[in-house]
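Novice: Provided herewith is a single structure, encoded as structure tokens, for subsequent inquiry.
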Amino acid sequence: MAYSQGGGKKKVCYYYDGDIGNYYYGQGHPMKPHRIRMTHNLLLNYGLYRKMEIYRPHKATAEEMTKYHSDEYIKFLRSIRPDNMSEYSKQMQRFNVGEDCPVFDGLFEFCQLSTGGSVAGAVKLNRQQTDMAVNWAGGLHHAKKSEASGFCYVNDIVLAILELLKYHQRVLYIDIDIHHGDGVEEAFYTTDRVMTVSEVSMVNNFPGTGDLRDIGAGKGKYYAVNFPMRDGIDDESYGQIFKPIISKVMEMYQPSAVVLQCGADSLSGDRLGCFNLTVKGHAKCVEVVKTFNLPLLMLGGGGYTIRNVARCWTYETAVALDCEIPNELPYNDYFEYFGPDFKLHISPSNMTNQNTPEYMEKIKQRLFENLRMLPHAPGVQMQAIPEDAVHEDSGDEDGEDPDKRISIRASDKRIACDEEFSDSEDEGEGGRRNVADHKKGAKKARIEEDKKETEDKKADVKEEDKSKDNSGEKTDTKGAKSEQLSNP
């Protein structure tokens, strides 16, 4: 049994596929999967890989996806490509694919990897093989049953929660993205087995849901919790409402597992955001949730100033590991884009915090009133546990030779699309391109990087065949382990 007792260090498993950063939504689109590669490269160079198990996720199958999504919708996602869009014009309109959710090369494979990591993490938690599972490629909370929305196509969160519900009577979903987690709330709006808690920007109108009065319906009444925030909320104000609300939710609902969506568009300076949180303020949410010592699935989400997304998710990985990391960034493949300060942490802006103490207290009291309406810990009639979505002893789904797979390091260096770094084009001169003062240090760091290249290559996530017994053969990579998870 992997669960840690008390407040000790947790066992953490982390899901990453080196191909994830290759997918490209298109020129000018704010969603950039490359941010996940930047995050991975940064946490590798901080040495965090030594402290957790790293797994390459399986590609989720259409069968797995249709446990929530409609057959027609998933069939459409499997079929649509940039070169055959004209044949699917009616379906594109029907399924809301085309503008915010464009068709791009490898769209379905991208969805498979995003979903595969989240579902595999849920399976690990169910099997009590880890305390926390991390999939920064997941957290795509806007996708609906038969519709793409808000840059999201397949709702990996809903699918992961459905997996957790096989073993857990009650699952708590917490969303700290600036945009409302509408797709997840909608999926579980009429059940008491999942409580959804989401902070929402009142001004950033997309997706237009998440009102304080949206509390669930039927059996799910009072099991949806939304707290709308005004522009400019800072670390102090956010902490004053997040901790007491989550503590009250834990007291009343008593979940046995938690899913935390860590959308980073609530950070100060985000291209699409209007909040003023620092990386530390954002990560405080992870710290608060960790204190309850429940199985925890941590997922990505929004975040459109990608260098800050990489900072945030790297730091939150360290928080999950109870690991202190220095503010000075280590040299990495994307070092120049963290200028001009080359630091891990960011400073808040001087924007006005429109969340007055009176407003915050009013919101908090309204939420407490709703939570008091909850019966304590609703019971669930226990049934036979369904089969896990992912089998440990299943074979390689694509039959590829893992030894011939290009390394993540080589892939990182090969992919260099200038468009991926357009998140700061409105910041004027200076900005992150001012690297002159760091050339000497960077040169020295490059030498050190070359010396440890062999060691870092060992941290590249590889597929490997599983031995016939269920224990599986693992490769010694100084703490980084890889596992091939494939179709049931």
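Here the Cβ of each residue, glycine as well, is placed from N, Cα and C on the backbone.
Checked Swiss-Prot, it gives:
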- 9-322: region 'Histone deacetylase' (REGION)
- Gly28, Lys32, Arg271: 1D-myo-inositol 1,4,5,6-tetrakisphosphate binding site (BINDING)
- His142: active site (ACT_SITE)
- Asp177, His179, Asp265: Zn(2+) binding site (BINDING)
- 389-488: region 'Disordered' (REGION)
- 402-417: compositional bias 'Basic and acidic residues' (COMPBIAS)
- 418-428: compositional bias 'Acidic residues' (COMPBIAS)
- 429-481: compositional bias 'Basic and acidic residues' (COMPBIAS)
Novice: Measuring CB to CB from Asp177 (Zn(2+) binding site), give everything in the same chain under 8 Å that is also at least six residues away in sequence.
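Specialist: Long-range Cβ contacts: Gly139, His141, Ser198, Gln261, Cys262, Gly263, Asp265, Ser266, Gly301, Gly302.
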Novice: Return only the integer: C-alpha distance in Å from Gly28 (1D-myo-inositol 1,4,5,6-tetrakisphosphate binding site) to His179 (Zn(2+) binding site).
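Specialist: That separation, Cα to Cα, works out to 20 Å.
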Novice: Of the binding-site residues Lys32, His179, Arg271, which one has its Cα closest to the Cα of His142 (active site)?
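Specialist: Closest candidate to His142 (active site), judged by Cα separation, is His179.
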Novice: What's the CA-CA gap between Lys32 (1D-myo-inositol 1,4,5,6-tetrakisphosphate binding site) and His179 (Zn(2+) binding site) in angstrom, rounded?
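Specialist: Each residue's Cα considered, Lys32 (1D-myo-inositol 1,4,5,6-tetrakisphosphate binding site) and His179 (Zn(2+) binding site) end up 17 Å apart.
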Novice: Please work out the mean pLDDT for the residues of the region 'Histone deacetylase' (9-322).
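Specialist: The predicted confidence over the region 'Histone deacetylase' (9-322), as a mean pLDDT, is 97.
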Novice: Which one of these recorded positions, Lys32, His142, His179, Arg271, has the sparsest Cβ neighbourhood, judged by other Cβ atoms within 10 angstroms?
Specialist: Arg271
Novice: With 1D-myo-inositol 1,4,5,6-tetrakisphosphate as the bound species and Gly28, Lys32, Arg271 as its recorded binding residues, calculate the greatest Cα-Cα distance and give it in Å as a whole number.
Specialist: 12
Novice: Could you state the CA-to-CA distance between Arg271 (1D-myo-inositol 1,4,5,6-tetrakisphosphate binding site) and His179 (Zn(2+) binding site) to the nearest Å?
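Specialist: For Arg271 (1D-myo-inositol 1,4,5,6-tetrakisphosphate binding site) versus His179 (Zn(2+) binding site), the Cα atoms are 13 Å apart.
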Novice: Which one of these binding-site residues has the most other Cβ atoms within 10 Å of its own Cβ: Gly28, Asp265?
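Specialist: Max Cβ neighbours within 10 Å, all protein chains included: Asp265.
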